[in-house]
Each structure stands twice: as structure tokens, then as C-alpha cells.
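Swiss-Prot lists 30-61, 40-51 with the feature disulfide bond. Residues or ranges marked as domain 'CHCH' by Swiss-Prot on the basis of sequence analysis: 27-69. Feature annotation from Swiss-Prot assigns motif 'Cx9C motif 1' to 30-40. As annotated by Swiss-Prot, motif 'Cx9C motif 2' applies to 51-61.
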């Protein structure tokens, strides 16, 4: 018997894959603008000149999103890196 502790390895898998990677999503810009506009209207009254800037920003934001100019959904790259580094994680035997 040798004094070495046993080496624990991952079970043999065809590939290492994360099923549902978590991706951070940014807040919808149009939703934030609409909230600010409604708050402005509740403070200063409907169609107040102080809120005119928010109205134009909200209109431009909604027209851009209607035309499809919004950002594409960002895909997670965790599975790419897991596949790339699987041999290092698994620890192939050196014998």
C-alpha cells in the first residue's frame, strides 16, 4: 500500500455541458423611460412642458424597438469553455 491519497476524477462523460446558463440581462431602456415619464406626469401634471424631453425619448425608443434595432440576446459561452477545458478538468492519467 502506498501512502498516496486516492485521486478522484469526474465520471466518464461524452462532454461537459451546462443546461441552462444564467445570463445577466440589462433593464429594458424603454421600460425605464416609461416609468420616469409616468413619475414626471404624476409630479407635474399630464403633458407638462418639463416632461417633454422624456416623451420624445420614449417615442424614439419605442420606434427603434418596433423596427427591430434592439440588441441581440447575448449567448453564454460557458459551454464553449467547458468543452475546451474538459481534458484539463478531468485530469487524464499520465501513465
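Cβ coordinates are placed from backbone N, Cα and C, and glycine is handled just like the others.
Structure coloured by features recorded in Swiss-Prot.
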| residue | record | DSSP (3 states) |
| --- | --- | --- |
| 30 | disulfide bond | helix |
| 40 | disulfide bond | helix |
| 51 | disulfide bond | helix |
| 61 | disulfide bond | helix |
Distance, residue 51 (disulfide bond) to residue 30 (disulfide bond) (CA atoms, angstrom):
15
Length of the line joining the Cα atoms of residue 61 (disulfide bond) and residue 51 (disulfide bond), in Å:
16
Need one number: mean pLDDT over the motif 'Cx9C motif 1' (30-40).
93
Long-range Cβ environment of residue 40 (disulfide bond), under 8 Å and at least 6 residues apart:
48, 50, 51, 54
